[in-house]
Each structure stands twice: as structure tokens, then as C-alpha cells.
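Per TrEMBL, the features are:
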| type | residues | note |
| --- | --- | --- |
| BINDING | B:G150, B:I151, B:S152, B:R153, B:T154, B:G155, B:K156, B:T157 | ADP binding site |
Number of protein chains: 2
Amino acid sequence: MSKILHYYILSDSVGDTALKVARSALAQFPEARTKLHRHNFVNDTDALNDILQEAAALDGLVFITIADNQLAKYVERFCIETGLICYNLIQPFVLEIQRRLEVEPSEIAGAQHELSDAYFKRIEAIEFCIQYDDGRDPSGMDEAEIIIIGISRTGKTPLSMYLGTLGYKVLNIPLIPENEPPVELFKTDKKKIIGLTNDPYTINRLRETRMIEYGMDSGTRYASIKRVEEELNFADELYRQLDCPVINVVDRSIEESATIILDIMNMPVRYN
Amino acid sequence: MSKILHYYILSDSVGDTALKVARSALAQFPEARTKLHRHNFVNDTDALNDILQEAAALDGLVFITIADNQLAKYVERFCIETGLICYNLIQPFVLEIQRRLEVEPSEIAGAQHELSDAYFKRIEAIEFCIQYDDGRDPSGMDEAEIIIIGISRTGKTPLSMYLGTLGYKVLNIPLIPENEPPVELFKTDKKKIIGLTNDPYTINRLRETRMIEYGMDSGTRYASIKRVEEELNFADELYRQLDCPVINVVDRSIEESATIILDIMNMPVRYN
């Protein structure tokens, strides 16, 4: 397969909705050779025309999110005239919603811009997640919306930070057999607690990598499969005691684990 | 306007592509009353049937990402029979790509699942961002891919963490007129540096809020407009000296600022 698929992301705003759709579709073709052409904040027909001409010449696949009605119409005409295939990933849905609700759309590009209150809340959540990362301070448990526990290298930190960027206050606690978990864990609302687990071999590989990065011998006790299994047993026992849901993060993306957590906790969707 | 628009997100994977599209469109109707019905990891026709029946009864708008061809066909038939409007946000694009590339799609639900290498890299990036947050350690500048500088409350931390979840190693340095910026800043590759600025009144409001949260008087020098302007002038002077691009984050979402940074730096898109 030698053909390159050129794909265009064209938006009068950031364009990440269109990008997400294009990448979801392209993910079905892991072997495909593709080239991304991304153009954000396009807001006049001249700029649009240049990009579309190039796309047509390269037989590109065009994904657009253009909220401005005039610009969208311009693209539509161009495509009819040239046979370019172009998916508008906002207009058709906006028109259908408009028909149903009988209200006019704002047509403001990137109407997703956050109100300052939402922005403040996200900042606060991210700062919370950093402050209470890695068991730094168990006293935040009551304020936390989600408490993630797990042994080293089960992905507590990345998951917490990702949830933080979505606006959730997450505190995470590392589990170590030699240390008693903080007493606050047994006093807080159990519904907020999520246990992470992972395949022992994956954890072991992650630990070996970490040891090498630290310039240490990868054959330490920390990175031995026997030790990992011992720690996982300790964690399982605690999860049973706390009666908390457990997520196995093996082969899951950060987004996927995050979605599962929000589903389990029946949390509203915030920013996405 | 009293009508509620019910919208359904239905996926044989996480469903966040469909959710992103639906929310982009709905953002054009800030006053609309909407109710989200989200169903992830749906993988049999019985479950699908129950959800679609409910959606039809509520005259819902359905956004789906179903990679499995049999399930997608089932939905299609259901919609033809009942007149339900349903947007498949993956199949049409997959079919078009398949036609062009002449290869079969994997049809694996959530083919976006990360390979372990990509997952490891994201973990590493997020951990880097935490380790080098808020000027904790300027020695990471050479390893950093992006260096964000700015005065207090310009949003360095949330932006760094968000970029971290996208897989970028970001280091950020707070600017304070009384402190010399770290010497490493003048020795590192200048192309990596981004200055943040913001409207003085917004910064002031953020600082007042922070003071109140800390249980302190909001009328401190830190939160006075004169002080904020003094700091902003100091930062502007440094930005000129470093000749670095400056982003005004006022009224921008975290995603928008992040996109602008990646555009300026001509960085490849990683995870989105």
C-alpha cells in the first residue's frame, strides 16, 4: 500500500472536534499512510479557497467544523463544483437541533469557549489533583470527588490529571504493603473510592523501565514479579475490605479508564 | 422555550468522539434545555434495541460511533423503520477511507486503544509536567519540549497538565519581579519558550478568589491591580528580551491555548 491519504482539518475555531472524528475513523486503518493538514481559525473565503484548492489537487478528505453559515455555504458550493468530499461536523447537527428547538444558533465560532466560571473550576480541579497526587496529603479526601488507590505503576497519576483536566477533583493514594493506608481512607465516603489493578507482567515492565531511567539496576526487588504479585494481593485484600469497584487498566487508554470511572460513579459529563 | 432535547451517545467503545461532536453542535444553543443519555460499550443488538426504542419514544437525537459493521447495520435498519434520526460518526468516514485506500478496516471497537508504547509516553509526559511544575526544578529545561513562563494566575499549570495529557513534556516557570528568572532560561533553546499573559483585571479577580480560598484578606498587595500591572510589565519586558511568542489567554479555553501553542511550535498532533 503506497498511496498516501491526505486529510484536512479546517475550522473557524480550534478544530479538535473534526480532528477527533478523523482520527477515530483513521484508527480503523492502522497500516494506512496518512498526512494531516490542519488549519485552525480560518475566517475568510480567500484563505478557505486556497486550502480547498490544495485539498482538491491532492484528492484530500476534508473534515470541517465551520460554525459561520456564510463560510459553510462557500465550502458547500466549492465541493459541488469540484467533487471534493468534505464532511461538515457541526452544521448538519446544528440545523437539525435548530429545527427541533425552533431557536437560532449563535453561529459563534468555537461557541465552546468556556465561561470564566467553568474555566476557574477546571483550574481549581487541576491544582487540586497536583496538590493531592501520590498520597501527598490525605487530608483532602473529604473535598475530593474521586479517590484513586493502587500500587506503584498502575497509572494513578496520569488518570488523576486527565480527570483533573475534565474538572474533577481527584486525590490518589499509593498502596504499599509495608505502610498502613491512611486512616482517612476508612473514614471517608466509600462511594468515592476506586481501586486500580493491572497485569503483573505489565507493571513489572513499567517498573523495570523506571529503574533504568533512574540509572538503577532493573533487577531490583521493586521490579521483580514476585514482589509485584505480593503487592497486588495486598491491594486486592484492601479493595475487598473497602468493597470498592476495581478497574483493570491493562490495555485501556487513559480516556477509557476515565470514562469507566465516571460511569461507575454516575458523574455528570463536564468538559470534553 | 420549554422543550427538552434528549440526545443519545451510543458507542461500542468509549463514545467520546460522538460526545464531542454533539456538544460542539449544542454549544451553538447556550439556552437550550438538553438531557444527555450516554451508553458506552454497547455490543449486542438487544441492548441496542432497548436504547433505540427509548430514544424513538423521546424523539431523541442519536449520535453513534459503532465500528462493528453488523451492529451499525442494525441501527440503520431500526432508523429507517422508525424514522429516528441517528448520526453515525465513524462508519461513513471509514467506508470512504476504505474505498480510497482499498484496504479493509479493522472493525475493532475503539481501535483508538493505545499501544503500550504510546501509553508509556503519555504517562512519562504527565509525570514530567508534575515534576517540573511551577519552577520546581529548572534543570529539566533541556528535556522539556515546551517551556511556559508567566506571572502568577496566568494559567501555566492547567495548560501544562493539559499538554501533558496530550503527551508533551512541559516545564513551567513563574515570573516574579523580585526574583531573577533561572539562568537556564537564557541558555535553553529559545524556540521552546512561550510567554503567557492575561488581562490585569482577570488576573486580579483570580488572585482575590485565591486569597479568599486561603482564608486571607482579598485586599493584599498580591491581589492589587497596581501590583498585577507591575508584574505584567516585568513579564512583557522579559518576553521582548527572549523574543518569545506571547499568548493572551483571556477568554480562551485551555484547549484553545494549547492548540495555539502547538501550532506556533509546529508540533505534531499526538493524542486527542
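We count from 1, first residue shown onward.
In case you wondered, yes, glycine gets a Cβ from its N, Cα and C as well.
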Identify, in sequence order, the residues in the chain of B:T157 (ADP binding site) that are 6 or more apart from it along the sequence and have a CB within less than 8 Å of its CB; answer 'none' if there are none.
B:D133, B:D134, B:N172
Could you tell me which of the binding-site residues B:G150, B:I151, B:S152, B:T154, B:K156 sit with their CB under 8 A from some CB of chain A, listed in sequence order (or 'none')?
none
Hey, does DSSP put B:I151 (ADP binding site) in a helix, a strand, or just coil?
coil
What is the number of other Cβ atoms found within 10 Å of the Cβ of B:I151 (ADP binding site)?
23
An 8 Å radius from the center of the B:G150, B:I151, B:S152, B:R153, B:T154, B:G155, B:K156, B:T157 Cβ atoms defines the neighbourhood of the ADP site; name the other residues of that chain inside it, in order.
B:P174, B:L196, B:N198, B:I203
Give me the non-local Cβ neighbours of B:K156 (ADP binding site): same chain, 6+ apart in sequence, Cβ-Cβ under 8 Å, ordered along the sequence.
B:D134, B:I148, B:I149, B:G150, B:N172, B:I173, B:P174, B:L196
The number of other Cβ atoms within 10 Å of the Cβ of B:R153 (ADP binding site), counted over all protein chains shown, is 24
